[in-house]
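Below is one structure; the comments refer to it alone.
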Amino acid sequence: MNQLTNFMNPVAKPETFDMIKIGIASPERIRSWSFGEIKKPETINYRTFKPERDGLFCARIFGPIKDYECLCGKYKRMKYKGIVCEKCGVEVTVTKVRRERMGHIELAAPVAHIWFLKSLPSRIGLLLDMQLKQLERVLYFEAYIVLEPGLTPLEKFQLLTEDELLDAQDEYGEDAFSAGIGAEAIRTLLENLDLEQERTDLMEELATTKSELKPKKIIKRLKVVESFIESGNRPEWMILEVVPVIPPELRPLVPLDGGRFATSDLNDLYRRVINRNNRLKRLMELRAPDIIVRNEKRMLQEAVDALFDNGRRGRTITGANKRPLKSLSDMLKGKQGRFRQNLLGKRVDYSGRSVIVTGPELKLHQCGLPKKMALELFKPFIYARLDAKGLSMTLKQAKKWVEKERKEVWDILDEVIREHPVLLNRAPTLHRLGIQAFEPVLIEGKAIQLHPLVCAAFNADFDGDQMAVHVPLSLEAQLEARVLMMSTNNILSPANGKPIIVPSQDMVLGLYYLSLEREGEPGEGMLLADMAEVHQALHIGAVTLHSKIISRVPQTDEKGNEYLKRFETTPGRMLIGECLPKSHTVPFDVVNRLLTKKEIGDVIDQVYRHTGQKETVLFADAIMALGFRHAFKAGISFGKDDMIIPASKEQLVDETRSLVKDFEQQYQDGLITQQEKYNKAIDAWSQCGDKVANAMMDEIRATPKLPDGRLAPINSIYMMAHSGARGSQAQMKQLAGMRGLMAKPSGEIIETPIISNFKEGLTVLEYFNSTHGARKGLADTALKTANSGYLTRRLVDVSQDCVVIEEDCGTTRGMEMRAIIQGGSTIASLGERILGRTTLEDVVDKDGNVIAPVGTLLDEATTQRIEEAEVQSVKIRSPLVCEATLGVCGKCYGRDLARGTPVNIGEAVGVIAAQSIGEPGTQLTMRTFHIGGAAQVNEQSNVEAISDGTIEYRDMATIVDQRGRRLALSRSGEIAIIDSEGRERASHKLPYGAQIMHKDGEKVKKGDRIAEWDPFTMPLITEKQGVVKYQDLIDGKTLTEQVDEATGIAQRVVIEYRAAGRSKKEDLQPRITLLDDASGEAARYLLAVGTMISVEDGQTVQAGDVLARVSREASKTRDITGGLPRVAELFEARIPKDNSVIAKISGRIEFVKDYKAKRKIAIVPEEGDPIEYLIPKSKVLEVQEGDMVKRGDALISGSPNPHDILDVMGVEALAEYLVAEIQEVYRLQGVKINDKHIEVIVRQMLQKVEITDGGDTTLLPGEQLDYLEMMEYNAKLPKNGKPAEGRPVLLGITKASLQTRSFVSAASFQETTRVLTEASVQGKVDSLQGLKENVIVGRLIPAGTGAAMNRVRVTASSKDAALRAAMRVANQEHLIAPRTAAEEHAAELAQGPEAAIGDDPLGKVQGEDFTTDDVMVEERPEGASEE
């Protein structure tokens, strides 16, 4: 019987294998799978509905149609099991075998497998060293190929047309050489390949080749040849002689009503193949003319191509309704393919969905489940319980009772549901908090009730959202749901470690209102003894919630004893104080202030850190109830009159109008350019808008005193916005201020602002202007969702196999963290960045005392101490430099953000990182900003001191000009501020030509301006004095007078000059030369295109004068990619559009020579060889001849190319750059993400190395492979062998996911056919280490609880082996112990099939009846269950 469908062991359980290998099937292998040859294209008999014999659904080949019944009906029932009916030839067995048994088609002529032919690079082409075009001509019978030239002058592999072939045969004789056509010819060539010989030839060629491009091609071929040798695949197997036919149940034929049939497309494709094959056989028997046979063979080839991959070559074969037929490849590919539809995303039973409504009276761990829904979901449990209680005799009766909904059923439902958590999920599930467990509470109605505090995690609102309910069935699942997924366990967000259970909207408003303190309220200044008195006073109206009172509040000391302490507070704040947990770590002070949404979040954070999870949950529930109650009691509402339009608006608008008129006039008079006018106008209007907004806020914020001495009630709109409940200052500005400037869809700003606000109403023109940008916004939102989802998918795919696998990898590398400071304000403090990380070195304060020893996990208290000691930088461990193989270690990762504890082994940190970065993706913008207008305002143009200290110049050459200003002349210089203890507080890079306010060593105060510069132009400053001489500056060729058409003012500008014709003399280099007194050349300055010259020819200049200006506008008007596209660009490691050029070494700049459109410059180091760069002339150089540059400095401005950073500066610098750039995009949107998530992803992008030196291994220079694989190769070397070396390569996330070591995971991501083709040629083995592969083969993932199970499995199998050895010694007399693996296998086979089941140590453990190891020994037959 066939090995695939051994009835005792039908399909290998996913637990029993550890690896999956993919290869190319040989014809023998295909025949051994098959249960018979399919000879006819018929499917079933349409009259009797019985399958045709030898057809595509033949019962004799594939198995019976009904269980244990042969086709003709001679044998029925179980007792004939295994008998083959002599009449119809059908074996009596279960129908299920029709899902497993395969057939085959013997082809009359060999056919090439389209995957190996057309999947680029073509494997057949690489092996034979032929082009795909030529191969196709041979395979599709258009040309002959010379197989053996014999003694003729023809060459092997030469293509001949039919006429050429006949001529050659006439000339040399028919037997002098042999030529072939079609797949047969290719097969002969592949059979005759000597792979070993080919390998040695290629190696020699590689060693001797001189050209640049050759090695790449040779390496490609060498790889294919080697993979064939190593995998044991034969090249001729890429040509098929036998086509396998998949089991009929997998390509079903279903009768529809009305006598029609619905069938799988595969049946059509198979029928085509069989028809053409049979016709070809007949033609060959009839000895038909060659041309007819050849045509039939070509058609057969095309039919098989269509079966395997329809549409890959030639016309797509379509069905009756012009729809392309789905081939085998299409079954796997894409979102609807096998991988993504059925293996990675399955539908589950025991689930339901319904609309959600709010459930404010629920506890945090509860959800309201409609009774009807619960009854349906928990049916099996109810049947079991009815049965156990003896209420129903049979299952049928139990069903009836449940359907009739008798009252006993409801009681039992209550019992069943108690303590049985359910999972709630809201699509789209963007992060792991999108599925959480709750305890169901039965409710009437048909809607699910959801606790208001978890809405933020689900991103749910109650405007008609739906949610799905799932029931965890097994005990383990219930346990995990309760211990790990319960909503009470998910208080902190895994993205940033801040609480995600934070009150919002009404609750915030209520708490804000409670914590308001107001002057002149009744009962102000009362002294109240304690909480009871406060309640009483409130009840009788002696005080209001906002009266200032003095009262005693119960506090807890460190020993846990209560005592009373006096506070100046308000009754409202005391009500909030009542909810606080009783602990000395959260004193009443935390709520004795005005609470906005942010502050409430901080309080919850503090409560969680100091008192733990249980107290936090109780506190959250309490303040939620309090918030709702008081939002309701406050009765806050607003009307039109609450939007107060400031009185000063008119005047401000008029002032700005006249200002803009002035700009218009200046433009007409030619004092400013069009662009400058636009910028100034937009500046003026945006400032006006801000002034109006500020005036409005002042008026709305104000609470004037009423005649009776009380304050006027606070403005409701202001309360809502200020508390963070709803609305923002920007929205208030539009309601009652001035709508402001609008953008066009292109992102440019329209020059005329909208002066009205919504209260006044817009004019028609204003309304039209505002719709322009609004529509763009709506269209963007739709695109954004899809883009963001795709980014998340790629991120998950690249990082899914990154799991914490050990405690400590023991690395000595790390990253240096310091505070991020931009434009004088701290964006991220040092404490924020190192919180929850592990130190790499001792952290010491200025006196040398250790604050945190090496290996400390920094918690809040320690980081606070570090910040107080004013430590400037801390070295920490990072997942980037973690040396753990196949994952990261706990120390490098640090704290698990969602729990606030050190990370557990088995935590899937990769997926968490991907979700944390992808989830806020929908909040990012899609725009690429065109700079222009208001965006220019934020261009930085000065540096201020962030603290007191002393100025220190570093590599900073300066010059003092005639006006006594000190100008920076160095391009890589820095200016640092050193504090009194000698520590560096800040260092700033200054642009060339910046004016520096202080001398080296001068003292500065905090907030002093250190330097400033013009952000829009870059000057060219002379360092010597002399006389200006123009060179190659010829009017009309390289120099032009540009006159602004509107103003008539002329400026001399250098233009690009292309020499006409081929005259070499005309190669002009526009430059200014300075002549000193002796008329010698003192200095020369090359001028880039677009430079405006500020001096005359022959003018005398002093040191420090400006010779010319380059407009930085030119280098700055490029689009800034913002938002989501920018994040994607960084993660894909794309080379940016205007990429800068980085100096690879430090040295002096020299200009070598000019070419037509490029210029060659060199960096000459102090020792070693110079490095040359070719730079387009259109680019503005940041350096001049003779400048000193440092390694990593930019030669041309622009966005740096991440690959360059990696090559020049190393892994840490690259990571720092990527983290900073990605964080900046998110920070602009106000999204907080912890750095370590980005580091995890960058780690996955840096897994590969490019071999620089193969050493004594078989690796070739230029090959790319995993760092681990390179180490494996090196480990195999003999003792004194020279190891291979490589340099890290940065791969984009898509590329990195496609190049994972697991082919199953890569195939399920993208380009399925290509991945599988490559894997099968190499005979790849997937060791199933990542998460995705395990999901696909259907076992527990090796993360979380699955990691523990994995460990158990390993120990169990080793124990098994030990037991077996012991048994073998005991049974020595029964069984002579086999010594080799082969003998052992033979002994196993001799025992019959029963022994070979139960390979899996956990397979024995089923349900309740656990058996211990020693009991198992007794039951097992000798030597059974070999692993």
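From the backbone N, Cα and C atoms, a Cβ is placed for every residue, glycine too.
The structure displayed is predicted, hence computed values, not measured ones.
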Labelled region 'Disordered' by Swiss-Prot, one stretch among 646-679, 1394-1427. Can you tell me which?
1394-1427
With every protein chain in view, how many other Cβ atoms are within 10 Å of the Cβ of Asp461 (Mg(2+) binding site)?
11
Distance check, please: Cα of Cys889 (Zn(2+) 2 binding site) against Cα of Asp461 (Mg(2+) binding site), rounded to an integer number of angstrom.
39
Counting every protein chain present, what is the number of Cβ atoms, excluding its own, within 10 Å of the Cβ of Cys892 (Zn(2+) 2 binding site)?
30
Here's one to test understanding: among the binding-site residues Cys70, Cys85, Cys88, Cys809, Cys892, whose C-alpha is closest in space to the C-alpha of Asp463 (Mg(2+) binding site)?
Cys892
Measure from the Cα of Asp461 (Mg(2+) binding site) to the Cα of every one of the binding-site residues Cys72, Cys85, Cys809, Cys892, then give the nearest.
Cys892
Centre the Cβ atoms of Asp461, Asp463, Asp465, go out 8 Å, and tell me which other residues of that chain have a Cβ in range of the Mg(2+) site.
Ile356, Ala460, Phe462, Gly464
DSSP on Cys889 (Zn(2+) 2 binding site), three-state: which is it?
strand
Return the count of C-beta atoms lying within 10 angstroms of the C-beta of Cys70 (Zn(2+) 1 binding site), excluding that atom itself.
25
Whose Cβ lies within 8 Å of the mean position of the Cβ atoms of Cys809, Cys882, Cys889, Cys892, the Zn(2+) 2 site, other than those residues?
Glu806, Asp808, Thr811, Arg877, Pro879, Val881, Glu883, Ala884, Val888, Gly890, Lys891, Tyr893
Hey, how far is Cys892 (Zn(2+) 2 binding site) from Cys88 (Zn(2+) 1 binding site), Cα to Cα, in Å?
68
Other same-chain residues whose Cβ falls within 8 Å of the Cβ centroid of Cys70, Cys72, Cys85, Cys88, the recorded Zn(2+) 1 site, in sequence order:
Leu71, Gly73, Lys74, Tyr75, Glu86, Lys87, Gly89, Val90
Could you check what DSSP calls Cys882 (Zn(2+) 2 binding site) once collapsed to helix, strand or coil?
coil
Measure the Cβ-based neighbour count of Cys85 (Zn(2+) 1 binding site), defined as the other Cβ atoms within 10 Å of its Cβ.
20
Can you tell which of Cys72, Cys809, Cys889 has the least company, meaning the fewest other C-beta atoms within 10 angstroms of its C-beta, among these binding-site residues?
Cys72
